[in-house]
Amino acid sequence: MNKKFIFILLIVFICFLNISQSIRINNNKNNNINNNYNNNNNNNIQTKEKRERNLIKFKEIEKIRKFLGNVESLTTIPLVSNEKIILEKLYSDWNGKDWDDNTNWLNGDPCMNQWYGIECNSFDGGITNNVISIKMSLNNIVGEMSTEIKNLVHLQTLDISNNGFYGEIPIGIFQQMNNLSYISLNENEFQGDLEWASYLPDSIVTLWIAMNQFQGTIPTFFSKYPILDLLFLEENLLIGTIPPEVGDLKKIKLLDFGLNTITGTLPSSIGNLSYLEQFWLYDNQLEGSIPLTMGNLQNLKLFEVTRNQLGGDLSGVFLNNPNLKSLRFSGNSFYGDLDWICQLDGLRDVHFDINRFESLPNCLGKAPLQMNELLLADNLISGTIPSSIGNMIGIEYINLARNNLTGTIPSSFNNFSNLNRIDISSNKFNCSLSEILDPIKHQTHLTIISAQYNEIHGEFFENMVWDGVQQIELLTKIFIINLSHNKLSGPIPEYLSWMPNLNDLDLSYNNLSGTVPNQLSFLSTMYLENNPFLGSSDGSLPLFMEPSVIFIHKDTESYACPSIIGKGFDIRISLDSTYYNNSFCLCDYNYRGVNGSCKICPQDSYCPGGGNDILIPSGYYPMPSNENPEYLLKCIISNFGYTSCNPDSSYNYTCQDGYQGRLCSKCVDGYFHKGTECSVCPTGPQSIVIFIVVVVVFIALFLFFVMTDPKRSLPSSTRKTVMYYYQVFNLLLSKLSPWPSFFSIFYSGSSWLNFSFGFLCINNLSRWPNLFIVMICLPFAFLVISIVFIASMQLFHYVKSSLNGVDYIFNKKLIYSGVRVNLLALNFLYLPLCIYIFQNYPCTKDQVTGESFMSFFPWQECGDNSTHNRIMRLTIAFTIIYVIGIPLLFAILLFYNRKRLDNPMILTMIGSIYIDYRKSVYWYELVALGRRFFMAVSLALIDPKSSFSIFVVLLVIGSSIISQIIFKPYVYRISNYSETIGNSVLLFSYVCILILSSLATTKLYDSQGIEIILSVVVVVYTVLLLLLFLFSLKYFLPKKWQTVIDYHIIKFITWVRITSNNLISDIKDINSIDGDDSFETTKEPIFERTVSNNLNVLGSFELKRRNSQINSNCNNNNNNNNNNNNNNNNNNNNNNNNINNNIISAKQLDCNNNNNNYNGEKITPGDGQDCLISLSIDNSGTNFNHNNDNNNNDDNNDNNINNNEEFNKNN
């Protein structure tokens, strides 16, 4: 029963191996179709070789097992009791409950109840049995070799292979088993050396200990076992050389040392193994050549030394081995002639691939007719295939791949009766396809043709698959055809479908054309890529194909295409995307396009891939067009951080409403430029009203400055401070960003000070270059208007005098006033003129196209452009006329008239240039023009965001503050203070904008705090300027009103001073310290009180008022003086009546009193006087003094602590 059961298991196992082998061969065939000979293929080949070896070895082992199984097992006789105990102990030690099969174990008697894997027999005919066999291979046994097993002394067979045993095998454990002939420990994890094997009984026949972790060298003691015929040591960790004592294994039939690390050479003593049939030495590190004594092995059938380092010429080595069937020398360095194999009649397998052979065997006479496999791939074979190869009629598989063969396949290949597979890939066959297929097309068993990587050319013909003479189909068993990487041309014919068993077709990397026929839908694998002329004109796929959802990306492409699969069929298809015009392909991320035409997304843009979509981020402009952008240009950021370029960051790129042109920088119709922004033009009645208001304001200002005397005008110093501050502040607002949105109010309100009249939207006058032309014409317009007005006024007076009969007197004052007005206009226009002129110079070069465009008008091209050239000629001309001419004109006027500045005529004409400054710095207006010039250079001629521009701006504003502190140029103290504070505010604002710009770029910190501080500082200074402006308006009022205003101002200031003094006194008392503990301190001048030389009072202050008439004479007439004295007395009486809270109010005093503490010197007309009212405040009395400062010496005025300069002299 057990014998039959074991026999059936063996038959099933052999069938399983054969089936697995067949499947593996097919798999290897499929895998090798599209791959070069590489490491992966080597692994597959090694796996295949291993299975083949195991099958061969298993056949030899079966002979032993059948011999050992001839003894009948007496199941009716119980087992000796002590052996049952041993088996139970083994069950416990080896954790029997976890075995895959523990049938009947521990139930009754092992022999009678047939415990799984146990065989029994009686040797003495007694009433008890003994255990003679343990066969528990593949039973999931885990543990060490138990020493209990040594007591089973009657054991003949021990097979515990393919389990989980580990550890070392105890020495002597098998020594007492005198009948032990078969040991199989393979495929476990046993360790240690092989010393235990020296204590085996002499009865040992088979020792299979392969695929463990045994270490050390090959022992020499195996020769002491007289009947050992099978020795398996493969796949361990053995090292060293093959000892010569191996030659003493007289009965050995199979010797397997494969897959170790054995070195050295093959000992010649191997020739003594007369019974040796199989010798396995694969995958070691053996060197040298094959010893000639191998010819002594008359019974040798198989010899394998695959993948070693052996070499040499094999001629004459195996001529005396008549039974030799298989020679496996792959992966070595053998060379020489191969004709000697023709003498080996029984040779079936020749595996000589990966060596250094240079020619094929030429068996002209005798040939091995039983040859099945001839493998000579990866050698150095050249020339043509000899026709004598066809004499080996039994060949089933011929592999000549990866050599240097040329020519064609000889017609003698038709002699092969069982040809199954042919591989001539990676050679240099340069024949037609017909010359390759015709010699083999009648092979009825042929399944695989591999001819890739050659130079085969030509087309497919019908006679390749159809025999018209015999009217039969050819190549009906063909399963795989690989003709890739050749030069095939023409269409793929539909008659390839006449090969019914064709499964895999590889025609890739050829020059095929046309379309794929729908008749090939039955294939399982189809490789057709890299056929440049293969494709459909309409971009469609064959009916049996469709794109899958899996996209494949090539390293050299910027798009991914779907893999093509069978429509309703399981077909693996490799087809170029050009076949369907890339219509199913999608661009990669960061690329855009359709149908495989994908361009890289321009820098700073975003392309999601999969189509032509591109997202141009806000603030960038696509070039050369929105539809096909190749690169992006950074757009101008508006003054308040906005951008006109794609503000919504949408895929549909648009400029913001009101913008157009390059960089979205040009205003469309109905919009005007306000800095870098385009604002909507006022329309309807609103535009008319704005225009009328502007015209009326400018006419009123013109008439005011022409008709009024300079002493009656708004104090010039205040006007200049306001104009300079707001002109520069507006320039910063227009050229820098990002300003807080709050400042848009300041920008709109101050634009007109820089003559930005674009908001008028009069036709195209608000656009460049028209606005530039209007600007440079303004000074001439003022001149023409002045001339026309003065001429009209002179004509009016002439006609009036004529009608009244009075002689006409030419009024020179009007001409003087006209000159003064035009100089005033040039002064105020200088900064705007510089800005408009300098903006035309800078051009920015496009780094991609090389074209240049104006930096401040990016839509206008520089260079070869008629408009730009005309404007540049005007710009250069007016740079000389205005930018250089105005300061030069002012300098000439000042230095030419420097000794006549007190002259009434000079004062009337050019007084606006110097009247506001102290006499010692009468030239300071040139400094003011210089700082305007450099501000315009730094923000209009140079890129406002460049480091050089930053340096110039900081230098200009900083030097302005320093010069203001040093020179104190203005006559009025408050003007000096306001000018210094204004420059400080400009400096602070500029620094804040630099910080805000940096924060906007890095986005590391919040900018809200800086925005709030900046807004507060600018608003506070604006309020201060407004108060100063309102204060200066009192000079347009009657003198009585001015006196009342002065009184209230004096009263308020006095209250503030008294309050502050009391507070300071209290603080000093609180903060007083003991003198012994204090350090000596130095009183800082900045906190010292300024006291008038003429006053010795508790507190004092000064109030200057300019005389009302510039041409009035100070009368020396005593009567007039007396009258004036009387007036003064009356005024004093009135003052006494108005004294309140010990505060004395200054009433109107006539500065012409020569008898009232005056020196009585005659004052010539035009000597303008300032009446200095020095008020002494005493809480205990009502005393006061009136002192008139008539000193004309400017240096004395500078030394006066009250700084009562002769401001009137400049008037």
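Just so it is clear, glycine is given a Cβ too, placed from its N, Cα and C backbone atoms.
The structure displayed is predicted, hence computed values, not measured ones.
According to Swiss-Prot, the features are:
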type	residues	note
TRANSMEM	2-22	transmembrane segment
REPEAT	154-176	repeat 'LRR 1'
REPEAT	179-201	repeat 'LRR 2'
REPEAT	203-225	repeat 'LRR 3'
REPEAT	227-249	repeat 'LRR 4'
REPEAT	275-297	repeat 'LRR 6'
REPEAT	299-321	repeat 'LRR 7'
REPEAT	346-367	repeat 'LRR 9'
REPEAT	370-392	repeat 'LRR 10'
REPEAT	394-415	repeat 'LRR 11'
REPEAT	418-440	repeat 'LRR 12'
REPEAT	445-465	repeat 'LRR 13'
REPEAT	501-524	repeat 'LRR 15'
TRANSMEM	688-708	transmembrane segment
TRANSMEM	728-750	transmembrane segment
TRANSMEM	771-791	transmembrane segment
TRANSMEM	818-838	transmembrane segment
TRANSMEM	876-896	transmembrane segment
TRANSMEM	920-942	transmembrane segment
TRANSMEM	947-967	transmembrane segment
TRANSMEM	980-1000	transmembrane segment
TRANSMEM	1012-1032	transmembrane segment
REGION	1109-1141	region 'Disordered'
COMPBIAS	1110-1141	compositional bias 'Low complexity'
COMPBIAS	1183-1205	compositional bias 'Low complexity'
REGION	1183-1211	region 'Disordered'
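Confidence in the repeat 'LRR 12' (418-440), given as mean pLDDT, stands at 96.
Below 8 angstroms of C-beta separation, residues 921, 924, 927, 931, 934-935, 937-939, 976, 979-980, 983-984, 986-987, 990, 994 of the same chain, each at least six residues beyond the ends of the transmembrane segment (947-967), sit close to that stretch. Counting same-chain residues at least six beyond the ends of the transmembrane segment (728-750), those with a Cβ under 8 angstroms from any Cβ of the stretch are 637-641, 674-676, 756, 831, 835, 932, 935-936, 939-940, 944-945, 986, 989-990, 993, 996-997, 1000, 1011, 1014-1015, 1018, 1022. Within the chain carrying the repeat 'LRR 13' (445-465), a Cβ under 8 angstroms from the stretch's Cβ atoms is held by residues 29, 32-33, 396, 401, 418-434, 436-438, 473-475, 477-493, 495-496, 498-499, 501, 506, all 6 or more beyond its ends. Non-local neighbours of the repeat 'LRR 4' (227-249) in the same chain are 57, 60-61, 64, 186, 202-220, 255-267, 269-273, 275, 280; each lies 6+ residues outside the stretch with a CB under 8 Å from one of its CB atoms. Non-local neighbours of the repeat 'LRR 10' (370-392) in the same chain are 37, 330, 338, 345-364, 398-416, 423; each lies 6+ residues outside the stretch with a CB under 8 Å from one of its CB atoms. Broken down by DSSP into helix, strand and coil, the repeat 'LRR 3' (203-225) contains 4 helix, 6 strand, 13 coil. In terms of DSSP helix, strand and coil, the repeat 'LRR 7' (299-321) has 0 helix, 8 strand, 15 coil.
Secondary structure by DSSP for the repeat 'LRR 6' (275-297): 5 helix, 5 strand, 13 coil. Shown for the repeat 'LRR 15' (501-524): DSSP residue counts in helix, strand and coil, namely 5 helix, 7 strand, 12 coil.
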